[in-house]
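*Asks:* Below you'll find the structure I mean.
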Amino acid sequence: LQVKYESQRKTLQTLASRLEDLGIDAQKPGGLCCPLQPVVPSPIINGYRNKSTFSVNRGPDGNPKTVGLYVGTGRERNIVCVKANHVENIPSKHKQVAQCYEEFICRSPLDPCILFHEGGHWRELVVRTTRCGHTMAIITFHPQQLGQEALATQKALLKDFFTCGSGAVCALTSLYFQESTMTRCSHEQSPYQLLHGAPHIFEELLGLKFRISPDAFFQVNTAGAEVLYQAVGELCQPTGDTVLLDICCGTGTIGLSLAHRVSKVIGVEVVEKAIEDAEWNAAFNGISNCEFHSGKAEAVLPQLLALWEDARPLVAVVNPSRAGLHYRVVRAIRSCRSIRRLLYVSCKPEGEAMRNFLELCCPPDPRKKLAGEPFAPVLAIPFDMFPHTVHCELVLLFTR
């Protein structure tokens, strides 16, 4: 935890320095841009991951159908795939499904797809589990030149293996199949095909029940997420008339967990299926003060906020991917005078999020169309959402 604390301290020192370069007096004690609290530990250290992605590639023993995790770099041309048996943050259920998938593809006459242009078919495996005991497996397959009949045969063999064959030991709740000709395909680009079981798995978090689709975002550490969301709730300082704007809301976890403390929740999320989940989650949990908008935040948010005339206090929570927020989203937030308090939840604060921090805090810049009063960082709290790794989740509170 001390190593992670030092890493976050350097990030805040960098932000303070970059703000100084913009003419903003941001130096606080220790050269930080704002006070930094100690790292909040994860309630669970081992086997905490509820989602694991396994690759298919050549193993150290030369087996081209090894299912595991990549070691090495493309530059060094020394990439191999090693089994995840020794990895402590991956639960045994995920390792079991990976082992069964390897057994299946080793029996298959079809080759693995390691490089798209070299042919082959068997690709990634994603395993998702919940504390309710549910297990979802998603298998990515490159169709190459296979016809529909040949594809149907492979899907039938896969289903048979995991329901009647030796893969039945995994007791899958859901088995999905996706034909993908790209590194990553959304459901809209190539639909997830349910081969067996239920279309969703379910999780309980902070007393609420959440439905999870194959591609919906859900914090990878469920127990850690509960601690994180409770802290976010406190930092929002919600009152009975607060409107909570939940940007990059996924299945609605943050907004729904705070819905009873605010007058209204507005969620925005790019993954359509996640919005369907969020709406189901709200209805199932008897929450009626939430509305969810599907689409890219940079398209939805400017329209939402441009016409904002609601007198109620508006608090924004953003939880973007590593790519950070689109500059149009930052522009819309800055231009909306009602937003006085902003919580930025970042899984990689030293990366693209740093650009967002500077955009939020810099003086108005007509060239970048950044108008409105700038924000200032007030408090930073790191959360150890990823034990056994160097990564850390940082919550930064901005006010103006």
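Positions of Cβ are set from backbone N, Cα and C atoms, glycine also.
What TrEMBL shows for this protein is this:
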{"type": "ACT_SITE", "residues": "Cys347", "note": "active site, nucleophile"}
{"type": "BINDING", "residues": "Gln219, Glu269, Asn319", "note": "S-adenosyl-L-methionine binding site"}
{"type": "DOMAIN", "residues": "241-304", "note": "domain 'Methyltransferase'"}
*Asks:* Tell me the Cβ contacts of Cys347 (active site, nucleophile) under 8 Å, same chain only and six or more apart in sequence, or just say none.
*Replies:* Ser321, Arg322, Met385, His391, Glu393
*Asks:* Just to confirm: which same-chain residues, 6+ apart in sequence, have a Cβ under 8 Å from the Cβ of Glu269 (S-adenosyl-L-methionine binding site)?
*Replies:* Phe217, Cys248, Cys249, Gly250, Ile275, Ala278, Phe292, His293, Ser294
*Asks:* With a radius of 8 angstroms around the mean position of the C-beta atoms of Gln219, Glu269, Asn319, what other residues of the same chain does the S-adenosyl-L-methionine site pick up?
*Replies:* Phe217, Phe218, Cys248, Cys249, Gly250, Thr251, Thr253, Ile254, Val345
*Asks:* For Asn319 (S-adenosyl-L-methionine binding site), write down the residues of its own chain that are at least 6 apart in sequence and whose Cβ falls under 8 Å from its Cβ; none is a fine answer.
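*Replies:* Same-chain residues close to Asn319 (S-adenosyl-L-methionine binding site) (Cβ under 8 Å, separated by 6 or more) are Asp246, Ile247, Cys248, Cys249, Gly250, Ile254, Val345.
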*Asks:* Summarise the model confidence on the domain 'Methyltransferase' (241-304) as a single mean pLDDT, whole number.
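*Replies:* For the domain 'Methyltransferase' (241-304), the model's average pLDDT rounds to 94.
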*Asks:* Greatest CA-CA distance (Å) over the residues Gln219, Glu269, Asn319 that the record ties to S-adenosyl-L-methionine?
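*Replies:* This binding site's residues have a maximal Cα-Cα distance of 15 Å.
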*Asks:* Can you tell me how many other Cβ atoms are located within 10 Å of the Cβ belonging to Gln219 (S-adenosyl-L-methionine binding site)?
*Replies:* 24
